[in-house]
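Chemist: The following block contains the structure, expressed as structure tokens.
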């Protein structure tokens with residue numbers, strides 16, 4: 001059975017893929033051709049190819065992966081609403097306020113959060129985001145017209161809003177921008193391939209997959225300097241400034257997950273693991289002294305694979321929850 005966390009995340013992603021002409025624009029590089037998340041409405045394709053701006057109304061709980069203009073108008077008091085935004089791994093999201101009619105003095109609010117929050121857990125975690133948590137919120141009622149355009153630091157963002165008076169609401173325009181070096185990413189689909197590169201930057205980057213998966217690392221370069229690799233440590237990755245770790249857990253925040261494996265030896269080849277957790281994260285820690293790179297592919301675990309837990313798999317951790 002799905003955990004509550006998986007149910008929430010899968011609802012968001014499946015809702016996005018199956019909204020029949022409203023929010024159905026999901027792609028992932030190197031996914032299989034029959035992947036259901038890749039189905040696009042022909043009407044939407046023609047609309048976008050013609051250069052038209054995509055427009056529709058927002059629901060109280062909603063999900064967007066497409067550029068366009070979106071309007072929310074309350075038909076009754078709406079006290080607990082949120083819209084999740086997601087792009088491709090190499091995209092950033094810009095949210096522009098076109099029109100806002102809310103009663104800030106009466107308790108309404110409209111806030112953008114740089115990342116996602118589910119059940120109080122954040123992605124990216126506080127350890128991996130370039131801003132402190134307090135600066136990741138932009139409150140319209142505090143900033144007003146001073147900051148009418150907000151850009152995310154990764155491929156996900158969200159807005160929270162509360163509107164008491166029927167008829168009040170807002171209009172936003174969502175745009176995508178290219179991110180040359182994607183750092184923190186939530187995968188839109190349960191399968192794909194990705195290369196993460198951190199070029200001489202002191203930062204930590206996480207790639208989150210909200211499914212039990214088989215993950216295969218095919219190329220890893222960490223701690224590379226002037227054509228030479230640093231001496232291999234004798235025990236794990238303790239004290240090493242550059243490494244990759246695999247994490248698993250039942251929540252969204254990588255800092256609260258269980259460490260499954262550390263990789264601090266550069267290699268070209270294949271290292272595969274089966275991880276039966278609700279959420280799997282590949283996280284790269286970089287000292288900023290080197291250009292670090294990891295290439296990996298992943299696909300969702302099926303029942304046959306969960307029964308055969310051999311060859312480089314995490315034998316016990318997480319599998320009972322599948």
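Going from the start of the chain as shown, residues are counted 1 onward.
The backbone N, Cα and C atoms fix where each Cβ goes, and this holds for glycine too.
In TrEMBL, annotation is done automatically, which means it is predicted and not curated.
Residues annotated as disulfide bond in TrEMBL: 60-81, 104-141, 183-205, 237-264, 277-318. The domain 'Corticotropin-releasing factor binding protein N-terminal' feature in TrEMBL is assigned to 52-177. What TrEMBL lists as domain 'Corticotropin-releasing factor binding protein C-terminal' is 185-306. Taken from TrEMBL, the feature signal peptide applies to 1-21.
Describe the structural context of each listed feature in the structure shown, including burial, neighbouring residues and relevant distances.
Modeler: Cβ environment of residue 81 (disulfide bond): 60, 61, 72, 160, 161, 162, 163 lie under 8 Å away, each six or more residues apart in the same chain.
Every protein chain considered, the tally of other Cβ atoms within 10 Å of the Cβ of residue 104 (disulfide bond) stands at 14.
Long-range C-beta contacts of residue 205 (disulfide bond), restricted to its own chain and to partners at least six residues apart, with a cutoff below 8 Å, comprise 128, 182, 183, 184, 196, 198, 283, 284, 286.
When Cβ atoms from all protein chains are considered, those within 10 Å of residue 277 (disulfide bond) total 29, not counting its own.
Per-residue pLDDT, averaged over the domain 'Corticotropin-releasing factor binding protein N-terminal' (52-177), rounds to 94.
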Chemist: Around residue 318 (disulfide bond), which residues of its chain at least 6 apart sit with Cβ under 8 Å of its Cβ?
Modeler: 212, 248, 249, 275, 276, 277, 278
Chemist: I need the CA-to-CA distance for residue 264 (disulfide bond) versus residue 141 (disulfide bond), whole Å please.
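Modeler: Given the Cα positions, residue 264 (disulfide bond) is 46 Å from residue 141 (disulfide bond).
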Chemist: I need the CA-to-CA distance for residue 237 (disulfide bond) versus residue 104 (disulfide bond), whole Å please.
Modeler: 50
Chemist: Go ahead and report the DSSP secondary structure tallies for the domain 'Corticotropin-releasing factor binding protein N-terminal' (52-177): helix first, then strand, then coil.
Modeler: 11 helix, 67 strand, 48 coil
Chemist: Output the one of 60, 141, 183, 237, 264 that, of all these disulfide-bonded residues, has the highest number of other Cβ atoms within 10 Å of its Cβ.
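Modeler: That would be 183, with the highest Cβ count within 10 Å.
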